[in-house]
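Listed features, source TrEMBL:
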DOMAIN    13-178  domain 'Reelin'
DOMAIN    216-331  domain 'DOMON'
DOMAIN    336-534  domain 'Cytochrome b561'
SIGNAL    1-22  signal peptide
TRANSMEM  375-396  transmembrane segment
TRANSMEM  416-435  transmembrane segment
TRANSMEM  447-466  transmembrane segment
TRANSMEM  478-500  transmembrane segment
TRANSMEM  512-531  transmembrane segment
Amino acid sequence: MEPPVLAFALWIFAFLSVPAAGYPNGKVREACSSMMPYHGHSPQPSPEHTISVNETKFRPGDHIKVSLSGPVFKGFFIQARNAENLTGAAVGSFMLAEERISQLLTCGLVKNSAVSHTSKSKKTNVEAYWVAPTDAPEHVQFLATVVEKYKIFWVKIPGPIVSQPNAPPLTTPTSITPDTLPTSQPVFRLTTSFNASSCGITKFCIRNPPKCDPGAAYCFFLSFKQNNHLVLIEMSGPSEGYIAFALSHDQWMGDDDAYLCINEDHRINIKTAYLSGRTPPVLDSENGLEDISWRVADGLLQCSFRRNLHLPAYKGRFNLDANYYIFLADGEASEGGLIHKHHRQPLITNGMYNFTDSPKDVGGSRSPILLKLHASLMFAAWMTTVSIGVIVARFFKPVWPHSLFGKEIWFQVHRMLMLTTVLLTSIAFVLPFIYRGGWSEWAGFHPYLGCTVMALAIFQPLMAGFRPPPHAPRRQVFNWVHWSTGTTARILAVVTMFLGMDLPALNLPDPWDTYTMIGFVAWHVSIDILLEIHSYCLIRKVEVIDEDRIQILQSLTSAEAEASCYLVKKSTYREILSNTVIVKCVFYLTGSYI
């Protein structure tokens, strides 16, 4: 059971359309230090845009107008830094001049210390005001990163230097050298698919389906192999967008260490991220990964890298020599490296593992057993027991009129099936709460309708316990309320099941799950219609017999009745006599002709 909007209960794969490698909304705090847009490409060498200021001298508290202009561009990022240490932290803060196209960001501990774009709309000029801090260095230089297109950008474009009065001349070179630009690990191409022959022997593996070959088009594979202080990590799966895994202290998204391999134009970008909750992941500007390799072939996305057991310098990176739940998931990625919500439930290991202890070959589940049991019990209750119980009460009263333990057989069967429905529904109702540890906020209308069905299911037998006697004046009112409540519960239960089938936690085969449910509903409706037709035919047959009886009574005389009985008595072959003759005789003998 779950509300507006999988389950999710689960890490990176629950967010909606979150950019992983591009930031059209300008939220680029991950680039505060390097000023590098992590697009998986190298910056352009020769800047085409310029930065200008309206003052060259400043005092603490002064406002200096900073302008960035040049050929059409979409994204930008402006900072002020100590001109004698351009790799240091941002200096001072900014005020906006055009709130529609620019916004303030906080880098490090300095609030509003950077300016960036708000959208990818085209621009040729932006302006902002820099506010000099009280502890400003003697010389300050403005730097800008400009993005023209996803693959075309310039990093740390040098701007003018402003100085405090009476500051000594600047002696440190201010040109941006390759040493001041962020560096990245070399990336290699894998030449062959991963091998699972060492799983459980020298490396720890997770495979879905269990024991599958990582070279197969349906196999999701993740392995860890320790070599001294380094761990080799291999990950592959059938995805055109991205695959990812995360280390977690529990089975829920939040406070997790995540690693993503994103396919962008058949080139893989490997990212690390820290998950703080059911929010977009916080990507790292530097990830501490080594020996990065990747391969895209035969519908499989594969990537591998090494990382140290301990990375204390990188916030959010877990120590690898501890116990964790491990998540493995995949999803779609669009142009520019934008990743979208996973399209199915992530695989979660059944327990916590320390993959540096002893090699194992384990699997996991994309659908928790408690939720599977919840769905099975609800299906059994509302597609089986309740439907049969309604049919028995509606159509079997004339068939099972005899008593069993003091009540008619049909009533005993009906009551047993309905109480079974309430019992199954009650057990199924509590299972999602046990699994989730409370109410879920991400499952749409399913849990709300489920609670309504549960309430109606309990109300029905309570109301039945106070039903009036068969010939009491209020019995007709009870019959209508009992029928309408039960019918409402059945309809809501079917709607609730249809909504629940699409929740990722069940991992049902779409669209066959919907077709199967439609088939069951159609079958029950067809049975009801056929039994209604059969009941109508029986009633009509009785009505025809009654009409014949009335006609006979109206036309019968004493002489005709006596003559009919004489024929019956004298006839050797009574079976050839007409029904009318026999009926007349019966009426004569019983006195009905009078």
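Our numbering is plain: 1 for the first residue shown, then up by one each step along the chain.
Including glycine, each Cβ sits where the backbone N, Cα and C put it.
Note that this is a predicted model, so its numbers are computed, not measured.
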- Query: Who are the long-range neighbours of the transmembrane segment (416-435) in its own chain, taking Cβ under 8 Å and residues 6 or more past its ends?
  - Reply: 1-2, 368, 370-371, 373-378, 380-382, 385-386, 388-389, 392, 447, 450, 453-454, 457-458, 460-461, 464
- Message: Six or more residues beyond either end and a Cβ under 8 Å away: which residues meet both conditions relative to the transmembrane segment (512-531)?
- Response: 383, 387, 391, 394-395, 494, 497-498, 501
- Item | Contact set, same chain, for the transmembrane segment (478-500): CB under 8 Å, 6 or more residues outside the stretch | 1-2, 375, 378-379, 381-383, 386-387, 390, 444-446, 449-450, 452-453, 456-457, 459-460, 463-464, 467-468, 506, 514, 517, 521
- Query: What counts of helix, strand and coil residues does DSSP assign across the domain 'DOMON' (216-331)?
  - Reply: 0 helix, 68 strand, 48 coil
- Note on the structure: Averaging the pLDDT values of the domain 'Reelin' (13-178) gives 82
